[in-house]
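Student: This is the structure I have questions about; it appears just below.
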Amino acid sequence: MTDHPRATPRRPILGRAGRASAAGAAGLLALALAACTPGAGNDAGGGDASPAVDVNTDVASLGEVELTVWDQEVRGGQADQLEELNQAFEEAYPNVTINRVSRSTDDLRTTLRLALSGNEAPDVVQVSNGRPDMGSYVEAGLLRNLDPYAEAYGWAERFDASVLANASYTDDGATLGDGSVYGAAQMGEMVGVYYNRELLAELDLEAPTTWEEFDAAVVAAEEAGELPIQFGNLDQWPGIHMLGAAQSRYVDPETIRDLGYGRPGSSWATPENTQAAQALVDWAEDGYLTPDFNGVGSDPAWQAFGEGEGVFLIGGTWLLADLTDALGDSLGFTAFPGADGQTVVATGGTSLPFAIPQRSENADAAAAYIDFITSTDAMAVISEHGNLPVADVAAQEAEGAQREVFDTYDRLVSGGGMVPYLDYATPDSYDVITQQVQSLMGGEATPEEFLDALETEYQENVAQ
Amino acid sequence: MSRSSTTAAVAAGGPEPSRDSGPSGRRGPRRPPRRRGRAPGEPHPSAAYLYIAPALIVYALFLLVPIGRSFMLSLYEWDGLTVGTWAGLDNYVEIATDPGLRAAFGHTAVLIVFYALIPVAVGMVLAAIVARARVRGMPFFRTAIFLPQVVALAVVAVTWRDIYASDGPINQVLRFVGLEELARAWLGDFALALPAVGLVGTWVNTGLCFVLFLAGTGKIPGELYQAVRVDGGGPIREFTTVTMPALRNEMVVALTLTVINALRTFDLVYLTTSGGPGNSTTVPAVEVFRQAFERGEVGSAAAVGITLTLIILALNLLISRIGTREAR
């Protein structure tokens, strides 16, 4: 994002100087071509199941350790909680010094690829769960298999199975949700329905608890001249969440998980997915969404919702703090039961998991650190700073919309209705889905064409 | 010259090329024929390479080696992490066959119109008018028109995103004059997003062309215009017979710069539409970024980059060729 390739004007490459350098170029090209296959010198020697030898959970016995941690918790409350936990860790284990390197998500993501394959890898890194990131690092043997630590520290009891599944990969890095644990996350995330309590009251409506009530509220809002659903899709990614919401209504959660995790036999071309796609088209055609939503940025959209424009907003919990600031007590949050009429289904997952590079020399201390910042005590700290902790949600104190977010998340996790982001499955799926949702909702593609495009990409790239 | 081509020339009935008469004949009789040895103090011919060596080494290290390396990468299927597998020309075949990538290259053709052709045309007309009229407050207009060149493109992109927004200035004006039905979110419209992005490029590049041409008009002798007037020519005649031919060199420079801008445009597209809606505004540079850094398809990204480089090179050669031919 911050890189703007705008070089100074170049002169046309011409004339004699050009010929002379062309000779040099040819020579150099031959040199370059003689070099070896890309990545050949890069093999970390991992990939195969890491030896489970010598898991040491006694940090004090490790001697002086400098622990380098790369994280992307740069925003307000998220930065604060990690800062506080880091300090507590250093106080608990004076022999460990934390060297914190904090970058924005995008910056971390683009530098991680090089850092992990370099010789001086950090000890702890935050890695995006998806296949293009965590999956490819696992495949290349650049991340440590944390199964032995998960067992030693009892992570299976601490976290819901879905939370660990979100950071688990098969050894070939091809299938998310199966195999060994490669990371642990601090915070939860989900995409739900925000509503404006005040506007609902003006329309004489209760907060909806099912999709049917939501439909009725949308129609009533439209008739009363209010904007039913605030939506801005210029940035493309909100479309994935919109699709996820529609899908959670019609498609069984286990089927969505199979699809999102790229499990064999999954398919986009199903009647239920067609229903979901049609629902998006209907919202768009019936005028229930922000006019010209494909040309409205995501920030202006949620800001408008914060100013009282729009009864509903389908969005992620990362908007909670900002929307609470804007709407105060008027803000509400919920998610609805899916196809079976009981299980609450919504797209969700965790914040970026913390993982240990294969080349870190302080794996024991790193694992102890990850355990520390995801412990029960840590969850309370995370909640105090206004974030959604990944575990023990029900036990945390909160009020208003934050309480509703906590309760919804708890119901989602305990009820087994959490479904992964749809772009996890294949490296190309993010681009394809975001572009296709714009086309579908913009009236350029029919639901059949839409699913056909998704299906083609999916079957080409998903693990066989 | 190789033997085969000489034979071919003979076979074709052409005159046998003579090695001796050509160069020395052109040099003229007064200069002594070139001796075998060097004159005293004349450096060995290869010494020239010694002089350019420092620059050449830097150039090679930071430009030629990376290009060679990119070309090599483009022949592999590589995710940037694991060992790559040899793919031959598969990545290039994909560019030719993948509709998404083909569309991206197609979009740059449209962008060339907006980034290069329109700014050159508008810039030239503006410069011709200004050169004739000797407008008052010239430095102000020159600065104002050139300003978009100075502003960082990221800022330009964010600003225009607001200008094109549903409730942005363009739509406000349209609604104010009663043309509501034309108001829309310009960047979200499948047919209009690409021209909308292109117009931003026009806005940015017109200033560059204008200033280039304005500098060029300063060196046109006033007598030429007087001559046209004496012959009874009007302003249009002056433009076509004097201004345009005189600005040929500037035109080549302007076209070269703006065409390169159009082909490698990244920030404007990435920050305004990120390629959407659908894939209606994707361009090769954005594809390179996405493939290399988001999807981990480094080989394919390198192939797109190399193809883009070759296209830029070819178009520039073409532009220079046209420029020199017209100059004769």
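Just so you know, glycine gets a Cβ as well, placed from its N, Cα and C.
According to TrEMBL, the record shows the following:
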REGION    B:1-42  region 'Disordered'
COMPBIAS  B:13-26  compositional bias 'Low complexity'
COMPBIAS  B:27-38  compositional bias 'Basic residues'
TRANSMEM  B:48-68  transmembrane segment
TRANSMEM  B:109-131  transmembrane segment
TRANSMEM  B:143-160  transmembrane segment
TRANSMEM  B:190-215  transmembrane segment
TRANSMEM  B:252-271  transmembrane segment
TRANSMEM  B:298-319  transmembrane segment
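Looking at the shown structure, what environment does each listed feature sit in?
Tutor: When Cβ-Cβ distances below 8 Å are used as the criterion, the transmembrane segment (B:143-160) is approached by residues 126, 200, 203-208, 210-211, 267-268, 270-272 of the same chain, each at least six residues removed from its ends.
Outside the transmembrane segment (B:190-215), and at least 6 residues removed from its termini, the chain residues within Cβ reach (under 8 Å) are 107, 110-111, 113-116, 118-120, 122-124, 126-128, 130-131, 142, 145-149, 153, 156-157, 160, 164, 184, 247, 250-251, 253-254, 257-258, 261-262, 265, 268-269, 272-273, 276-278, 280-281.
Here the transmembrane segment (B:298-319) has Cβ contacts under 8 Å with residues 67, 70-71, 73-80, 84, 87, 91-92, 94-95, 101, 104-105, 252, 255-256, 259-260, 263-264, 284-285, 287-292 of the same chain, all six or more residues outside its ends.
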Student: Considering pairs 6 or more residues apart, do the transmembrane segment (B:109-131) and the transmembrane segment (B:252-271) have at least three CB pairs under 8 Å?
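Tutor: Contact between the transmembrane segment (B:252-271) and the transmembrane segment (B:109-131): present, because at least 3 Cβ pairs are under 8 Å.
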